[in-house]
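S.K.: This structure is in structure tokens; I'll ask about it shortly.
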């Protein structure tokens, strides 16, 4: 171990070196403010994607109408028959769920931006937002599953109970339905990510 004493050239005696008077600076703790801002920015980005997905799915769904000349039983000649989402209660429920989820995504995005500017209210509103995230997830996921079941019958039919498939005739209608269902499934996954993200933030704090 090195000596901390300095020998005096006149007396030959060693004198202790003066101790450093500079105070030791403790290591800086990472600021929690930057972590809060990063989490809030991620939350806003996901909610913007959620609003875009639900709005696009809604537009695709309500513009899926298709009219084709179809031979009806007992009719002497083919007649124009339209396929619309309003023909099925499951598709109507799906459209309503998209409206609710899209409106909630817009409102929650505005709230998240406000909390980014006023972080002192974040803890007060985060519990309510995470709860509504799970409610919106349940509504949208159930509507997607219900509409998906009807869309599968439209694609494959059911010979046992006499339900004919229609996608071989109304191809555009079925493509639009499938696209809307895919976007709704993506939106449901985003809501699931938001719910898990909110739960992680609450357990981390």
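Here the Cβ of each residue, glycine as well, is placed from N, Cα and C on the backbone.
Note: TrEMBL annotation is automatic and uncurated.
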S.K.: Which one of these stretches, 44-63, 64-83, shows up in TrEMBL as transmembrane segment?
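M.R.: Of 44-63, 64-83, TrEMBL gives transmembrane segment for 44-63.
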S.K.: Residues sitting near the transmembrane segment (90-117): Cβ under 8 Å, six or more positions beyond its termini, same chain?
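M.R.: Non-local partners: 37, 40-41, 43-44, 47-48, 50-51, 54-55, 57-58, 61-62, 125-126, 129, 132-133, 136, 139-140, 142-144, 146-147, 149-150, 177, 180, 184, 187, 191.
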